[in-house]
Amino acid sequence: MAALESIQSQSTLQDSIFSTSTVVAICVFFTLLCACIIIGHLLEENRWANESITALLLGLVAGLVVLLVTKFQSSRILVFNEDLFFLYLLPPIIFNAGFQVKKKKFFKNFTTILLFGIVGTVISFCLISLGAYLLFKRFGFTTLTLKDFLAIGAILSATDSVCTLQVLNQDETPFLYSVVFGEGVVNDATSIVLFNAVQSLDVSDISALTALKLLGTFLYLFFTSTALGGLLSAYIIKTLYFGRHSTDRECALMMLMAYLSYMLAELMGLSGILTVFFSGIVMSHYTWHNVTENSRITTKHAFATMSFIAETFIFLYVGMDALDIDKWKASNASPGTSVGVSSLLFALVLIGRAAFVFPIANITNCFKKREGTKIEFRNQFIMWWAGLMRGAVTIALSYSQFADSSDSTSTQDNSLMITSTIIVVLFSTVVFGSITKPLISALLLQHAKPNISDATDIPSLEDLRLLFLEPGEPSGEGNSQPARKGSSFRLLMTHPTSTVHYLWRKFDDKFMRPVFGGRGFVPFVPGSPSGAAEAAEHTP
């Protein structure tokens, strides 16, 4: 009898700990994740499909099945939550992108990336906000305030950098990948900063000084976020060298400190996206070279796996949440109204992106002397096209702005804005995401010119070294005459990218790597084959 009572009490305790609905939801999502991986493997060679679209469509199908099972009462297995997205799903994706990115190509196009990511996003934000303010009154949106229209501009300016990873290939189109994805990361951070600035904006007292304060706040957040992440982990691992005793510790420390940089940025009111992205770049440049060979392999695959699972989960999440029947009922809008509002929003997205991609690309071409370095119109068109996809950041910001409201009329307008945003995300991801790969193949790969190497594209580092020689230092070509020192300012004006790269290499080798480690300053376990090989390689 006592044993029976004990079993019953344990069963009751288990029921109180594990909610049946939670267990069902987790089982469904894990099953769908497995299905996405299998289908993605089968569609690997299909140029029209990718895992993002597969996950999105599977999420829609799963949501429809839940609707049918519940007799159109509810499709919610998990409620879309901004905290879940921004705190747990987005950081591993952005960090891995920074960790795996080809740094030389990325920083070679850094000026272009900043122009598109910051100036372009602000232009798009202004045009979309103005267009929504002027046109939405015709659809009967009487409860939306000026702050709501500004928020719409920030929400729809956020491109989908997650889907960009799926549709662009870093090896086939390195320039497009570095610019479009780099712009996407900066664009997401800029949109979120603009969105948060709009939330704290006093619309009753707007002046030129307010705009200057907004600009100053944005620049402060951008540059402090960029400078925050990465170096501390490199210094700790190089100094203490955990690999002597446990590779598990150094792997764990890299993962935890990568996530810590994101949380510290959010805690300090900075941009977590920018911080964790540059933390990934810094860790790949310094920290990764300070760990053992086993830890390098482990961390590289661990970061990629976590990013892959998070990407797939996000699109499943968005697909299932798109059929949230409560929001569609609350909007109380006819199909024609929903399609009309969604079409208007997407038209503003098209115009807003075209308004900065083509002008900025042509302006940058005016400052490039060599024809091979200019952005051709085909590349400009792909940059415009690939940046039209909207994703989970857009939906998360839309929920944050329009989800809570007590007034019934306002609730209808807010719900319609959410459902219209969902339509824009679904349409742009499925249509533009599926066409981008064939479009790149048709416009670029079939008409590809021979790649111009960095050595011919810009002056070589050796040429720059000769120009920078100090007086009295021989040129190395049998000439005993002292070489003339070149003007740093003149070189910076004539070859800005290569000159900055050369100066950074000198500074990095002399000051940064001796402190933070990196290639050439690798601690190694005595007797280790890899360590001995590296030691021999870097011994003068």
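Glycine is treated like the rest: Cβ placed from N, Cα and C.
Keep in mind that what you see is a predicted model, and the values were worked out from it rather than measured.
Copied over from TrEMBL, here are the features:
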DOMAIN    49-440  domain 'Cation/H+ exchanger transmembrane'
TRANSMEM  21-43  transmembrane segment
TRANSMEM  55-72  transmembrane segment
TRANSMEM  84-101  transmembrane segment
TRANSMEM  113-136  transmembrane segment
TRANSMEM  218-237  transmembrane segment
TRANSMEM  257-282  transmembrane segment
TRANSMEM  302-320  transmembrane segment
TRANSMEM  340-361  transmembrane segment
TRANSMEM  382-403  transmembrane segment
TRANSMEM  415-435  transmembrane segment
Do any residues, 6 or more residues outside the transmembrane segment (55-72), come within under 8 Å Cβ-to-Cβ of it, and if so which ones? 28, 32, 35-36, 39, 311-323, 325, 426, 429-430
Relative to the transmembrane segment (340-361), the stretch among 21-43, 113-136, 302-320, 382-403 with the most Cβ pairs under 8 Å is 113-136
Near the transmembrane segment (21-43), which same-chain residues lie under 8 Å Cβ to Cβ, leaving out any that are not at least 6 residues past its ends? 49-51, 54-55, 58-59, 62, 77-78, 309, 312-313, 316
Contact set, same chain, for the transmembrane segment (302-320): CB under 8 Å, 6 or more residues outside the stretch: 29, 32-33, 36-37, 51-53, 55-63, 66, 75, 77-78, 80, 85, 88-90, 92-93, 95-97, 99-100, 162, 165-166, 251, 255, 258, 280, 391-392, 395, 422, 425-426, 429
For the transmembrane segment (415-435), the distant same-chain contacts (Cβ-Cβ under 8 Å, at least six residues beyond its ends) come to 48-50, 52-53, 56-57, 60, 144, 148, 152, 155-156, 160, 163, 166-167, 315, 318-319, 321-322, 327-328, 330-333, 337-339, 341-342, 345-346, 349, 385-386, 388-392, 394-395, 398-399, 401-403
For the transmembrane segment (84-101), which partner among 113-136, 257-282, 382-403 gives the most CB pairs under 8 Å? 257-282
